[in-house]
Amino acid sequence: MPRSQPKVTLDGIHRWQIQIENSFLSSYKNKRSIGPLHTCGSVAVTGDGSRLVTCVAEEADTQSITSLCLTPSASQLIVFTSTPSLRVYEIPTAAVKNKIHPVRVVARAHDAPVHVCTIDPSSTYLASGSADGVVKVWDIKRGYITHVFKGHGGIVSALKFNFPRDPSVVVPQNIHQLITASVDTRIRIFDLTATSSKGDQAALRPIAILEGHVSVPRGLDVTPDGKWLISGGRDSVVLVWNLHAKSTGAKSAEATKGKGKSNSPVLTQTIPVMERVEAVGLLQAEDSVPSSSASKLRFYTAGEKGIIRIWDVKDSSVLYSLSQVADLQTENQEEQRQIVEAIYLPLISTIVSVHADQNILFYDLNTRNLHRQLIGFNDEIVDAVFLSPNAPKSVDSHIAFATNSSLIRVYSTTGLDARLLTGHTEIVLSLDHGAGGKLFASGSKDRSVRLWAPTSPNDDLLTEWGCVAICEGHAESVGTVAMSRTSGEVGTTSVQFMFSGSQDRTIKMWYIGDVPLVFDASQHGQSLMKCKSLTTHKAHEKDINSLDVAPNDRLLASGSQDRTTKVYEINFSCATGDRSAHGEIKLLGTCKGHKRGVWTVKFGRSERVLATGSGDKTVKLWNLEDFTCVKTFEGHTNSVLRVDFINHDMQLVTSASDGLVKMWNVREEECTATMDNHEDKVWALAVSTDERVIVSAAADSVVTFWQDCTEEQAQENEAKRSELVLREQDFMNYLSLHDYRKAIQLALAMQQPGRLLSLFKDIRATSSEFAADASSVTGNDAVDEVLRTLGGSDLARLLRYVRDWNPNAKTSGVAQGVLYAVMKLRSADDVIAAFTDEAQEDILQSSGQEGVKSTASGNTALKELIDGMIPYTERHLSRMDRLVQDSFVVDYILSEMDDGMFDGQDIDTSTMDVDTEVSS
C-alpha cells in the first residue's frame, strides 16, 4: 500500500525525522522472473494441457536437442540429442527444484541426428527417424530395438503409428503398422507384426508405398479405425488415402513385390490448401463414433501463413480459421509467424501451435478463440510500462514490453499469459502510458508512433489490445515518447497531448484528445485515425534519447546524446467549439554537467526536481529554479539507462548497463540497496502505482518483478532481536544459577563465541579460586557432562570456536583447555561423526545448490581444523618451554644473590610456580 507522507508539527520535528528514516524502502526481493521458455527445437504437451515441455538453448557446453516426445500417459519424456543419443526421463508428479537425470541413456541410438519421433497410443513403442533415412522402433520399457526399417530416400520427415481400434468389431484386429514419410516425397507403410513370424529381410520392407506428393510430407494422421490416412506437405496439398480399399488400378499405391495383399491404399481426394503445410491432423467428432466414410472427416492444417485452418474433407473447404492475418506484415514478419509445429489435444479440445518466433499459442476449438499465449523468447528488452485496462477496478494488471522486434508484448502481471500486438513494421524502441494507464503509445524505427487501447475493459484475464491511432511525420526513428500525465476533463481518463523524440533531433507535439480509449474489434482492418502534429521543435544537436512530462503537464524534459538536458514550458489549449487545439513548447533552461550522453530523464512526482542518468555512470539531480546540479549519485560501473523517483521523491531507483538495479537515498546521496538478477544491460525499468513492485527487464531476455519487503524485513529483524534478548536473559540466568550445561548449549545455539569464551574463563577462574573436582577434566563435573554429551553439529561448532581462539595468546589457554577436555572425554570416531553431521546439515540447508562449503566429509573437515590448530599449538608450547627455561635462570640468579646469607639454614628449594597463561 502507498505510504502516507509524514506531517510536520512544531513540537514533533525530531519524530518527523525519525519517521522519514523509517519510511525508506530498503529491501526488495525477487518475487518472480520471466525468462526464456522456448528458444529452439521441438515442443511436447501432456494430453490434459497441464504440462509443457520445451527446449531452451544454453551457453554451456551441452548437447543440443534435435527431437523429443512425451508418452500418452505423460509418465516419460524421450529426448534425442545431436550426438545422437537417446535419453529417457521419468516425469515427476510434483514440481522439483533439483536437476532430473535420465533413467536410461543409449549413447549411439542412430548414426545420424534424429529429427522426428513418436510414441504409440499404449506408451509401449517408440519410433525414431534419422537424417540417414533409417527408422527404428524401440521397446520403451525394456530398452531394446524391435525393428529397423531402411530404404527411405533421405531424411525421415514424419512418423505415425496405426493401431486400429474399432468398437463395432467384436474380435479386435491384429494390425500394428508404422507409417513413415521422407524427403523423397513417398509415404511408406510397415507391418510391425511381420518380423515376429518371419525372420527374413522381406519382412522389413514396406507393405505399401504411397506416391502422390511432389514435395516433403510434413504431417501424417490416421483415423482411430485405421481406414483413412491424411498427409500434408510442402507442396501445398493435403491427400486423403483409403487404407482399406481394394486394388483398382491406376490410383492404387505401389505394393511391395511378393506380398499379395488383398487391400491396397488408394488416393481418394486431393485438397489444395494454398500454403506449405508443416502440420496436419484429424479432429475427433464428439457426437459420433469414428467415421466409416470420408464425408464426416474434419482436419486441421498449419503452415507458412501462421494460421490454423479447420477443413471439411467432403467439400474441400475451410470451415473456419483460428487466427487472423495482421494488416501490415513485412516478409520478415511473415517468416517469423510461420507455424513449425501443431499439436492436437482432444481431451480439452485445444490445438497448440508453435511458431517460428518461439511463441506458443493455445486455441480453444469450442470457442474458436485464443485462450492462452506463451512467449518463448523475448530477445533484448528495451522498454517496459505498466498498464491498467480495467482501472479503477484494478490497477497495474498488465505490463507491456518493447523488445528487439516489431511486436509489442503485453503480459498479465499475475502469470505468463501474454498477447502480441502487431502494427509496426520495424523494431519498437520506446513505450509510455497516459493518465489512467489505459492508453499507451509506442515509438518505432518505422518513424511512426502508434496508440493502443484495450478492447474489453471489464475482463481482467483475457484483455485484448488494438491500435486506435497513428502519428506520422518524423524523418528518422522515434526513440522516445512521453504522454500527458493528467486527464483532459474531470472524471475522465482521456489524454490530450503527447510528445515524441526522434533521431532527426526534433520533438513533435501531438493532439490525441479525440483518440478512443476502447478499441472496437469490429472495426479492425479499417483505416486508423491519424493524429495532428501541433508543433515541431528542433531540440538537440544529436539523437534524443529520452523525454518526460512533469506530473502537472507544465514542463517537458529532453535528454540527448549531446550530453545536455533541456527543460521546456508546455503551453496547451484544448479544442473548444470551432477552435482547434493549440500547443507549443518554450525552452526554459539547459542542464549541463554530464560528460557523456544523457540516456534518461525523470521529473520528481512531488518536488520541482529533475533526475538524469548518463553514460558517464552517474545520476544527477537538478534544481528546476536555476537548472543547477544539486546532487550527484555515483555507484554504477557503467552507463545509467533508467531512473525513477519513489517514496515521495525521497529515494531514486536506477538501472544501468552493469546489469544492476540500485536504490538511492536522495538526502544522503548513498546507495541503500542493490538488486542483481540480470547478466546484461537493464534497459527497462517500471515502477507500479503503489510503488510495491519494481519491474526490471534487460538485454538478457529476463524480466524480474521486485517486491517491496521492507516491512516484512523489519518485522523479521524485530522478531529476531526480541528472541535474541530473551535468549541473552536466559543465558545470564543460567550463569547465575551455575547451570553451565544449559548455558553452553544456549551459547552454541545463539552462535555467540564471545559469550562462550567468557563462560569458560569464568569456569577456569572458579576452579582456581575454589577446590576443583578431583575427577573432573575441566574442573567442573557439569561442564564435563556437557562436553561428553554434546550433539554432533554443536561439537563441531565448538571445535571451530576453539580453532578461532587458539591463535590469540590471551585466549589460547581457554582453547587448549577445552581441546584437552574434548580429547579426553570424546573418542576420535565421535569427533569425525560430528563433522559428518555438520556437513549433512549444510547440504540440506543449501538444497543441493552450488556454494556448499568444503565440509563434504567428516574426515576432510576434521583434517582442515587440525591443520589450522597444530602450528599455533606448537608455537604456544615452544613459548611455554622457553618460559620454563627462563624460570631456572631466575632461580639461579636468586641463589647467587644471597651470597651465603642463609648458610646452615633450611632453604626452601622447591621450584618457582609459573603461571602457564601468558599475557600478550
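Using N, Cα and C of the backbone, Cβ positions are placed for all residues, glycine too.
Copied from TrEMBL, the annotated features are:
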type	residues	note
REPEAT	107-148	repeat 'WD'
REPEAT	210-243	repeat 'WD'
REPEAT	421-452	repeat 'WD'
REPEAT	537-571	repeat 'WD'
REPEAT	591-632	repeat 'WD'
REPEAT	633-674	repeat 'WD'
REPEAT	675-707	repeat 'WD'
DOMAIN	728-897	domain 'U3 small nucleolar RNA-associated protein 13 C-terminal'
Paired segments the repeat 'WD' (591-632) and the repeat 'WD' (537-571) in contact, 3+ CB pairs under 8 A: yes
Secondary structure content, the repeat 'WD' (210-243) (per DSSP, counts of residues): 0 helix, 20 strand, 14 coil
Same-chain residues at least 6 beyond the ends of the repeat 'WD' (633-674) whose Cβ lies under 8 Å from its Cβ atoms: 3, 5, 20, 23-28, 596, 599-607, 609, 611-621, 680-685, 687, 691, 694, 696, 698, 700, 706
Outside the repeat 'WD' (675-707), six or more residues from its ends: residues with CB under 8 Å to it: 1-2, 25, 28-36, 377-386, 388, 395-396, 399, 401-402, 411, 413, 437, 638-639, 641-644, 646-647, 653-657, 659-663
Counts of helix, strand and coil residues, the repeat 'WD' (675-707), according to DSSP: 0 helix, 16 strand, 17 coil
